[in-house]
Amino acid sequence: MIRTDWTMAEAWAIHALPFADLMHRAQTLHRAHFDPNAIETASLLSIKTGGCPEDCGYCSQSAHHDTGVKATKLMGTEEVLAAARRAKASGAQRFCMGAAWRSPKDRDMDKLCDMVRGVAELGLETCMTLGMLSPEQVARLKAAGLDFYNHNIDTSPEYYAQIASTRTMENRLDTVEQVRKGGIKVCCGGILGMGEAEEDRIAMLVTLATLPAHPDSVPVNLWNEIEGVPVQARAQAVDPFALVRIVALARILMPASVVRLSAGRTGMSDELQALCFLAGANSIFVGDQLLTTGNPAAWKDQDLLSRLGMHIAPAQARPRVAAE
């Protein structure tokens, strides 16, 4: 049963279960909704890097922080499509395009829509993350064929003011709702390791699990150490078992959502990734680069999945159970 009325008390109780019991509950729900041996793959491209006016304290692309990231202009459509072809050849099923903006300018919408149409014509699912959107922009992207829109809430409502001041949690949730109402699938998750308390991680998932509809995809990111950003001063490494518990809780609270291991996999052992898959994670980014951070080499992912007896879900098919 899909619920959107979870409470913090319920989530805390689940999170605190003995590890074996938590894993059993998560894996049971995972098998009810997905093929447990199938992994969804996506590739991520920064189509406009740096110079972002937002002050998100974790981000290397903010114009407020001296991180060495140079601002670029929006890529040309053909350059983006060439990258999409390479992503498809490397095994990606979805192509995500990210731009470091507060929100896209109307003058860029024609080019963005051309990118969406071009990537879709290659047989890839399309995803964008461009910041906040107006209802009119949502409608244009939907008409162009955009499948997914990523807009993370990053952390709990209570901790959010500690990491950003130029936009609020309400701004983020409003964008998520605009996207959902506009008929585009929602990709929305958060980041661990920014100095937040365990309670904040749980509250972040409860926030997502009590939306009118659960996100279609829930990315779980580990913060990558970045010189020159405010979060660096209070960032703390995430205990491996704490990560697995959050993945399991995400699977239990949102059983039909794809849970993606996103940024931070370069610092995860094969064993930790395997535990995350067992806990319900069923999507990864492929390719050597995310937006501005590294990602495991393709051969490492292929080797890991092979050793685990897992496989990439067929193109254009989410890793659902056969009955669905």
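The backbone N, Cα and C atoms fix where each Cβ goes, glycine too.
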Listed in Swiss-Prot for the [2Fe-2S] cluster site shared with Cys96, Cys127, Arg260, one of Cys187, Cys188: Cys187
DSSP-derived class (H/G/I helix, E/B strand, else coil) of Cys52 ([4Fe-4S] cluster binding site): strand
Cα distance (Å, whole number) from Cys59 ([4Fe-4S] cluster binding site) to Cys96 ([2Fe-2S] cluster binding site): 18
Cys96, Cys127, Cys187, Arg260 excluded, remaining Cβ within 8 Å of their centroid ([2Fe-2S] cluster): Ala42, Leu44, Arg94, Thr129, Phe148, Asn150, Ser217, Pro219
Integer Å distance between the CA atoms belonging to Cys52 ([4Fe-4S] cluster binding site) and Cys187 ([2Fe-2S] cluster binding site): 21
